[in-house]
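Engineer: Next up is a structure, given as C-alpha cells.
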Amino acid sequence: MGSTSGESMQGSEGREERIVVSVRVRPLNDKELAKNDVSEWECSNDTTIIYRSNVPASDRSLYPTAYSFDRVFRTDCPTHKVYEEAAKEVALSVLSGINSSIFAYGQTSSGKTYTMSGITEYAVTDIFNHIENHKEREYVLKFSALEIYNESVRDLLSTDTTPLRLLDDPERGTVVEKLTEETVLDLNHFEELISFCETQRQIGETSLNEASSRSHQILRLTIESSACESMVNGKSSSLAASVNFVDLAGSERASQTNSAGTRLKEGCHINRSLLTLGTVIRKLRLASKGCIQYFLLV
Ligand SMILES: Nc1ncnc2c1ncn2[C@@H]1O[C@H](COP(=O)(O)OP(=O)(O)OP(=O)(O)O)[C@@H](O)[C@H]1O
C-alpha cells in the first residue's frame, strides 16, 4: 500500500491523476480499554505510522516497522481535520468537472463508516456553500445510492430489495439498471436521503463491531452546472462530474469475528471482493488512460 502513495500519472487529456492514501487510527473503545489492550500502531509524524512489533529484537530488521503514507492522522484527530487535509480537495474537484472517488478501506471496526459519514457530510455542506456563493452558474445535483451485499447490487433509495443488473454501456461504461437517481433540492433534502439509506443498509453484529456494515456502500453525487450566460467566448461552459463516497465493508478474520452461518458467508464475500478491488486499483495505477481520481482511507 505504501508504494501507491503520492504517485501521479498523466491522464489522456494531460491532466494529472493521483491516488492519495491516508491513514486514520481510531482511539481504543471501551471494550478494548477494559481488556487493557494497547494500540499496536503509533503515528510518529504526519506521514509515518509505526508498528510496535512483538517480534524479538534480533529478528526485527527482517520486518518493516515504519510505513509512509500521504497523510497519517492520530487517534485524537477530529473528522473535520481528516476531511480538510485528506479529502476536501478530491471531493470538491467535482465542482470543476473532475470525477473523483473517496474510499474508506480497512479492517472491520477500524472506523470506516464513522469517518466516511463525516467526510460525506462536510463535503456536501461545502458543495452547497459553493453553490450559494456562485449565483453566476446554475447547478443540478443528482444523488444515487447502492450497496453491494453478497455480490448483489441493491438500490438504497428504494424499499424494493430486488437485485439490480449491471449493464455495459458503450458510452457511459458500467451502469446499474433502474438505479434511482434523486434530484437534490437542498442540504436538508440530502440529509433526509442519507438517513433513508442508513435505514436500508445491511448491518449486522459481530464480536468486533456491534453495528458492522455487511455491504459495500457507494453514494454518488453528480453535479451538472452551466453558466447563466451559457456561451462564454463562443464556447459552452457546461460541466458535469460525479463524486463517489465509498464505504467498504471491513476485511475480517473469521477467527476474530467468531462468525458462522450468515456472518461467515458475508465475510467470505467481503474478503474476496476487497482482494479484487486491490487488484483493480493496482492495475488502474499502471494504466495511463482515463481520468479518475482516487483517495484511499486505509
Ligand atoms: N475516530 C473515532 N473516534 C471515536 N470513535 C470512533 C472513531 N472511529 C470509529 N469509532 C467508533 O468505533 C466503532 C466502529 O466504527 P465503524 O462502525 O465506523 O467501523 P467500520 O470500520 O465501519 O466497521 P465495519 O467494517 O465492521 O463496518 C463505532 O462505534 C464508532 O462510533
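Including glycine, each Cβ sits where the backbone N, Cα and C put it.
Below are the features listed in TrEMBL for this protein:
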- G106, Q107, T108, S109, S110, G111, K112, T113: ATP binding site (BINDING)
- 18-298: domain 'Kinesin motor' (DOMAIN)
Engineer: Once near-sequence residues are set aside, which residues in the chain of G111 (ATP binding site), 6 or more away, have Cβ atoms under 8 Å from its Cβ?
Structural biologist: R24, R26
Engineer: Of the binding-site residues Q107, T108, G111, T113, which ones put their CB under 6 Å from ligand 1?
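Structural biologist: Cβ < 6 Å from ligand 1, in sequence order: T108, G111, T113.
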Engineer: For the ATP site (G106, Q107, T108, S109, S110, G111, K112, T113), what does the 8 A shell look like? I mean other same-chain residues with CB within 8 A of the CB centroid.
Structural biologist: R26, A104, N209, G250
Engineer: Between 0 and 100, where does the mean pLDDT of the domain 'Kinesin motor' (18-298) sit?
Structural biologist: 87
Engineer: Test of understanding: give the count of other CB atoms lying within 10 angstroms of the CB of S109 (ATP binding site).
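Structural biologist: There are 23 of them.
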Engineer: What does DSSP call T113 (ATP binding site) in the simple three-state scheme?
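Structural biologist: For T113 (ATP binding site) - judged by DSSP and reduced to three states - the answer is helix.
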Engineer: Compile a sequence-ordered list of residues in the same chain as Q107 (ATP binding site), six or more apart from it, whose Cβ lies below 8 A from its Cβ; state 'none' when nothing qualifies.
Structural biologist: G250, S251, E252
